[in-house]
Amino acid sequence: MGTNGTTCPGPMKATSNGVFQGENPLEHALPLLILQICIVLLLTRLLAFLLRPLRQPRVIAEIVGGILLGPSALGKSTKFINTVFPPKSLTVLDTLANLGLIFFLFLVGLELDPKSLKRTGKRALSIALAGITLPFVLGIGTSFALRSSIADGASKAPFLVFMGVALSITAFPVLARILAEIKLLTTDIGKIALSAAAVNDVAAWILLALAVALSGEGSSPLTSLWVFLSGCGFVLFCIFVVQPGIKLIAKRCPEGEPVNELYVCCTLGIVLAASFVTDFIGIHALFGAFVIGVIFPKEGNFANALVEKVEDLVSGLFLPLYFVSSGLKTNVATIQGAQSWGLLVLVIFNACFGKIIGTVLVSLYCKVPLDQSLALGFLMNTKGLVELIVLNIGKDRGVLNDQIFAIMVLMAIFTTFMTTPLVLAVYKPGKSLTKADYKNRTVEETNRSNKPLCLMFCFQSIMNIPTIVNLIEASRGINRKENLSVYAMHLMELSERSSAILMAHKVRRNGLPFWNKDKSENNSSSSDMVVVAFEAFRRLSRVSVRPMTAISPMATIHEDICQSAERKKTAMVILPFHKHVRLDRTWETTRNDYRWINKKVMEESPCSVAILVDRGLGGTTRVASSDFSLTITVLFFGGNDDREALAFAVRMAEHPGISLTVVRFIPSDEFKPENVRIEITEDQLCSGATRLIDIEAITELKAKIKEKESSRSNSDSESHIIYEEKIVKCYEEVIEVIKEYSKSNLFLVGKSPEGSVASGINVRSDTPELGPIGNLLTESESVSTVASVLVVQQYIASRPVGISKNVTTEESLVEDSESP
């Protein structure tokens, strides 16, 4: 109701009739809301782009963007604030922002698996408790200083609890994002940080519920008790009544099948109903959505499907509105005078001191190294959206005034902003191994030293698994177990849309805190099909495949591959080609980013690298089957890469189901290279030393064939290895020879073959990473084959960075690499 000297703004109509009928669209709710959303998205995305080189999470850009649109910056202009964010429009903006926040808190609850808290190690639990207790105590101490100065009149008990929660909270979604950005998500320190943050999150929400119950306007202690007890009753009702119903829905959503739209609508309806109940009780509506997320079953397909459907709309559209709604309440200008700025420094110091010192001391007591302890302290000091939620609830309930609210928002920005640079400064994992530590960087060296072969297979999706399994089976040699070590790395993109819950689901196979490790058959059937496939292979072949996960932006995921290869002392990394074969046998690009990854790994890998051009190697998976057989052909021209391909093929030939043919090309005296070609350089011609090593490799191969023939003299079986020499006069004869072996299952070729025959081959191609022979077998119409191709590059410490010199490119790889 209006009073003398004041007027209440009238309600806004939803839509306008347009400017041509004399109406201003900005005086109507819908067009004004659209303008607000566009401005918010444009500003926050621009700030996120500017902060990307500093490796800051997007939440920093969104908080700063909200502040810039508020009274601290652009909002100082009366014309701007009355035009774009007039007071009468804020109810619609706040309602839409809080609706999105309800669903975001549901996603936050989905991140937490209560079962994982039971399995949290003593070390992570101790670190979490220390990271809560000391900051909470310091927060209470800080609140006394604030109440005696700038917060005089604030309710004592609610103010103490709100300040304690604000200083002790760790923003789990932001922490997960930062860990992934700095490549610590799957490390030991990342596991400890996530486990501790999970415990911290649960404790913080319980304390927040208590603070909300205490902060009712004019409420008596008895009323606060009723609110708190009603909240406890709501949680019990959700656990014993709502959760069984949701589990029934989840069981009706089997893995690999689309989720029924009705189930999604029912679940979102349950989230809204729970929010209504908690708001009706007197606890904030967000609490109900969070509880539903916590009790939601994490196994199976349903949780992932919900995240996929809700994530983009919530994080991309609704959440930035909440940051603006918060920024409109933040006025940095209220922090005036030495006293106020001194209190800001005090709040920041206590927030950092409590979290960092508490975490570091307990970590050192748990025998965590000093650099990791410091990194954990900085990581646990991460604030973010959850911090803003606590502060906004406190301000809306009158517990925090404008000045304290601004101080706490600046504290949240500062502590989060400093996390990444400080962690990178104190913790530098992944030191390169010395040559003495890591000797067998190639298959050729491994065979020579008679050591177990270590391979790393990278894959993009389950589509790659059958071929990988068949290639592993072919590589196991005679002794199935001790002579082969295999790592399978799943390449997953960390994109802008990846929420913490998606990342948690992606890395749960590595044993992070939100993975149900129950090994029952029911859980196994609903777990990741990739892990199931490798587990089945292990049981049948007795070759252990260790799953790994790389979660990074496409522009830097090659660093994960190279670092993992060095850490595991791998002899060869095998990468999938960036194209796949369609049913009509034509090539289709899976994703051009994978081509960039292959190029960068070839340049920076600490071991040999191979690119697998898959045309369905061996058909369907036939592990440990008596009819497992592959016909493999090595096209040998000479040089380091060809010898590495030969060494890998000889290793495969130890398998009883493998038939290997080695074809060596020898130029005749009148050999003529192809007419259209580029200049031949010395790098393409075998040096005398290289030629001698090639001859030695061929001599060893002949001796091996002779040994096999003598060992089989008492049987009618033939040798599995055939060596042939082909004397060629020109490029066309090379093509004709290759055609003779077009029915092979697999070709092994070097990326950069050497010698006069190889130097005479000129192939125009847009995939120079395959080399001339790989391109000939893959994309040239001269050779028609359905065989898969493995293009091998041997590790050489002094290998120059760049593409193969005997491939004429029609487009530059560097241009393609600009997109990631």
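Every residue gets a Cβ built from N, Cα and C, even glycine.
For reference, Swiss-Prot has these:
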- Ser817: phosphoserine (MOD_RES)
- Ser819: phosphoserine (MOD_RES)
- 30-50: transmembrane segment (TRANSMEM)
- 58-75: transmembrane segment (TRANSMEM)
- 90-110: transmembrane segment (TRANSMEM)
- 124-144: transmembrane segment (TRANSMEM)
- 159-179: transmembrane segment (TRANSMEM)
- 192-212: transmembrane segment (TRANSMEM)
- 222-242: transmembrane segment (TRANSMEM)
- 276-296: transmembrane segment (TRANSMEM)
- 313-333: transmembrane segment (TRANSMEM)
- 342-362: transmembrane segment (TRANSMEM)
- 374-394: transmembrane segment (TRANSMEM)
- 404-424: transmembrane segment (TRANSMEM)
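The transmembrane segment (58-75) makes contact with the transmembrane segment (30-50): 3 or more of their CB pairs lie within 8 A, with pairs spaced 6 or more apart in sequence.
Using a Cβ-Cβ cut-off under 8 Å and counting only residues 6 or more beyond its ends in the same chain, the transmembrane segment (313-333) has close neighbours at 36-37, 40-41, 44, 62-63, 65-72, 75, 85, 90, 93-94, 96-101, 103-104, 107, 385, 388, 391-392, 395, 402, 405-406, 409-410, 497, 499.
Most Cβ pairs under 8 A with the transmembrane segment (124-144) among the ranges 192-212, 222-242, 342-362, 374-394 are made by 342-362. Among the listed stretches 30-50, 192-212, 222-242, 342-362, 374-394, the one sharing the most Cβ pairs under 8 Å with the transmembrane segment (159-179) is 374-394.
Between the transmembrane segment (342-362) and the listed ranges 30-50, 90-110, 374-394, the one holding the most Cβ pairs under 8 Å is 374-394. Long-range contacts of the transmembrane segment (222-242) within its own chain (CB-CB distance under 8 A, at least 6 residues past either end) are made by residues 209-210, 212-214, 216, 270, 274, 277-278, 281-283, 287-288, 291-292, 295. Same-chain neighbours of the transmembrane segment (30-50): 12, 14-16, 58, 61-62, 64-66, 68-69, 84-86, 89, 92-93, 96, 316-317, 320-321, 323-324, counting only residues six or more beyond its ends whose CB sits under 8 Å from a CB of the stretch.
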